[in-house]
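Engineer: I have a structure here, written as structure tokens, and I will follow up with some questions on it.
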Amino acid sequence: GEECDCGSPANPCCDAATCKLRPGAQCADGLCCDQCRFIKKGTICRRARGDNPDDRCTGQSADCPRNHFHA
């Protein structure tokens, strides 16, 4: 299966021919991906809205998880 979006050969993290991450790359895109690496745990990737807390990167994924408010 695809590891990354192989639509653009300009993406330095993704091999456009194979749709696989290039050697050494952890990710190709996402709010918690920077220069082919996961952003460190605790970095804010989405600011708080209303009563919800800031969403923070996990350090293990390129996706920005949604933190849910618990009353």
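Even glycines carry a Cβ here, placed using N, Cα and C.
Quick paste from Swiss-Prot:
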type	residues	note
DISULFID	Cys4-Cys19	disulfide bond
DISULFID	Cys6-Cys14	disulfide bond
DISULFID	Cys13-Cys36	disulfide bond
DISULFID	Cys27-Cys33	disulfide bond
DISULFID	Cys32-Cys57	disulfide bond
DISULFID	Cys45-Cys64	disulfide bond
DOMAIN	1-71	domain 'Disintegrin'
Engineer: Within 10 Å of Cys33 (disulfide bond) by C-alpha distance: pick out those among the disulfide-bonded residues Cys6, Cys14, Cys64, and say none if nothing qualifies.
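Structural biologist: Taking Cys6, Cys14, Cys64 one by one, the ones whose Cα falls within 10 Å of Cys33 (disulfide bond) are Cys64.
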Engineer: So which disulfide-bonded residues are near Cys64 (disulfide bond), with CA atoms within 10 Å, out of Cys6, Cys19, Cys27, Cys32, Cys57?
Structural biologist: Cys32, Cys57
Engineer: Of the disulfide-bonded residues Cys4, Cys13, Cys14, Cys27, which sits closest to Cys57 (disulfide bond) by Cα distance?
Structural biologist: Cys27
Engineer: Mind giving me a neighbour count for Cys4 (disulfide bond)? Other Cβ atoms within 10 Å of its Cβ, every protein chain shown.
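Structural biologist: The Cβ of Cys4 (disulfide bond) has 22 Cβ neighbours within 10 Å.
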Engineer: Measuring CA to CA, name the entry from the disulfide-bonded residues Cys13, Cys19, Cys27, Cys32, Cys45 that ends up nearest Cys6 (disulfide bond).
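Structural biologist: Result for Cys6 (disulfide bond): the nearest of the disulfide-bonded residues is Cys19.
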Engineer: Give the residue from the disulfide-bonded residues Cys19, Cys32 that has the most other Cβ atoms within 10 Å of its Cβ, counting over every protein chain displayed.
Structural biologist: Cys32
Engineer: List the disulfide-bonded residues among Cys4, Cys27, Cys32, Cys36, Cys45 whose C-alpha is within 10 Å of the C-alpha of Cys14 (disulfide bond), in sequence order, or say none.
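Structural biologist: Qualifying among Cys4, Cys27, Cys32, Cys36, Cys45: Cys4, Cys27, Cys36.
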Engineer: In angstrom units, rounded to an integer, how far apart are the Cα atoms of Cys27 (disulfide bond) and Cys4 (disulfide bond)?
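Structural biologist: Distance (Cα to Cα, whole Å): 8 Å.
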Engineer: Which of the disulfide-bonded residues Cys13, Cys32, Cys36, Cys45 has its Cα nearest to the Cα of Cys4 (disulfide bond)?
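Structural biologist: Going through Cys13, Cys32, Cys36, Cys45 one by one, the closest to Cys4 (disulfide bond) is Cys13.
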Engineer: Can you name the residues of this chain that are 6 or more positions from Cys36 (disulfide bond) yet have a C-beta less than 8 Å from its C-beta?
Structural biologist: Pro12, Cys13, Leu21, Arg22, Gly24, Ala25, Gln26, Cys27, Ala28
